[in-house]
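As annotated by Swiss-Prot, GTP binding site applies to Arg17, Arg71, Thr102, Lys163, Arg266, Ala267, Arg268. Marked as [4Fe-4S] cluster 1 binding site by Swiss-Prot: Cys24, Cys28, Cys31. Sequence annotations record features per position, and here Swiss-Prot assigns S-adenosyl-L-methionine binding site to Tyr30, Gly75, Ser126, Met197. According to Swiss-Prot, the [4Fe-4S] cluster 2 binding site annotation covers Cys261, Cys264, Cys278. What Swiss-Prot records for 8-227 is domain 'Radical SAM core', and it gives sequence analysis as the kind of evidence.
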Amino acid sequence: MVEQIKDKLGRPIRDLRLSVTDRCNFRCDYCMPKEVFGDDFVFLPKNELLTFDEMARIAKVYAELGVKKIRITGGEPLMRRDLDVLIAKLNQIDGIEDIGLTTNGLLLKKHGQKLYDAGLRRINVSLDAIDDTLFQSINNRNIKATTILEQIDYATSIGLNVKVNVVIQKGINDDQIIPMLEYFKDKHIEIRFIEFMDVGNDNGWDFSKVVTKDEMLTMIEQHFEIDPVEPKYFGEVAKYYRHKDNGVQFGLITSVSQSFCSTCTRARLSSDGKFYGCLFATVDGFNVKAFIRSGVTDEELKEQFKALWQIRDDRYSDERTAQTVANRQRKKINMNYIGG
């Protein structure tokens, strides 16, 4: 039987973000800048990661508390060996209605079919430019946008439902909004543009680098005829629009200009096995990995997850100002540990 629990702000729990690795094969400046994550950077050893059995156990207990959706993140999740084994385990859990995965797309041809066969049906591909030269400068690994576009074509050809995520930074890739909308509109693929956020500690974020939803919308309306779309469910983070001529939808994620803390239903598990109630968390998360490995029962695990959710009062984006960002003393958890 599913228990209905809410946090201190009355928010239910519906989603679980599972980071399966802290490693990535890109070095995007806003997430894992090469100056910080160089060739000598020490990533987590395997024994510091949750095993797939541990993740499945955690997901099963969370399903009993109301979680219906699971998203697999990283780092780059396709760098975790035998990820299809985890997908198959998660697909067997009663109550889990949707399993998604966020990826940079580079390894889709290598692993996509195995993941599909294990039950994965939905992926988000992070792609911040459609121009090859610009994309190479963003990922710092000399990977062309055309390479990722080919991987996306492959993913759709095997039956995966693909959405594309684009983090927009002023003066960096805001000139990519129109060409990317045009390209994916013709492909009938949903694209979502995300306001640049101050996740982690190393991306040099400030308000001047943010292109807001309203600024994006003004740009888009000069080139396309669009209509707004009603939200599909409670807690949907994107504001959706529809192209009038072919009905293809796109989204704008207002993580800075119009925060959505009040409807956030996500629990997050970092790659080193810690619980976080917010993408912008500063306090060290509860060590779920150590708790599980101490020999607790599923009932004890459930009670701990309930307690963690019921004391949750995070609303970082609601409270974000230039002053709060400048005065912040404690470091946030880095994005490669907690996913997006």
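We count from 1, first residue shown onward.
Cβ atoms are placed via backbone N, Cα and C, with glycine included.
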Extent of the GTP binding site in Å [max Cα distance among Arg17, Arg71, Thr102, Lys163, Arg266, Ala267, Arg268]: 22
Set of same-chain residues at least 6 away whose C-beta sits under 8 angstroms from Lys163 (GTP binding site): Arg122, Ile123, Asn124, Val125, Ile189, Glu190, Ile191, Arg192
Three-state secondary structure, Cys261 ([4Fe-4S] cluster 2 binding site) (per DSSP): helix
Cα separation, Tyr30 (S-adenosyl-L-methionine binding site) to Cys261 ([4Fe-4S] cluster 2 binding site) (Å, whole number): 22
Residue, out of the binding-site residues Met197, Cys264, whose Cβ gathers the largest set of other Cβ atoms within 10 Å: Cys264
Three-state secondary structure, which DSSP defines for Lys163 (GTP binding site): strand
Other CB atoms, at most 10 A from the CB of Tyr30 (S-adenosyl-L-methionine binding site): 21
C-beta crowding around Arg268 (GTP binding site), within 10 angstroms: 23
Cα separation, Tyr30 (S-adenosyl-L-methionine binding site) to Arg268 (GTP binding site) (Å, whole number): 20
Mean of the pLDDT scores, which run from 0 to 100, over the domain 'Radical SAM core' (8-227): 95
Tertiary neighbours of Cys24 ([4Fe-4S] cluster 1 binding site) (same chain, Cβ under 8 Å, six or more apart): Cys31, Met32, Phe37, Gly74, Gly75, Glu76, Met79, Asn104, Asn336
Residue from Tyr30, Ser126, Cys264, Cys278 whose C-alpha is spatially nearest that of Thr102 (GTP binding site), among the binding-site residues: Ser126
From binding-site residues Arg71, Met197, Ala267, the one whose Cα lies nearest Cys28 ([4Fe-4S] cluster 1 binding site): Met197
Tertiary neighbours of Arg266 (GTP binding site) (same chain, Cβ under 8 Å, six or more apart): Arg14, Asp15, Leu16, Arg17
Cα-to-Cα gap, Ser126 (S-adenosyl-L-methionine binding site) vs Cys264 ([4Fe-4S] cluster 2 binding site), nearest whole Å: 21
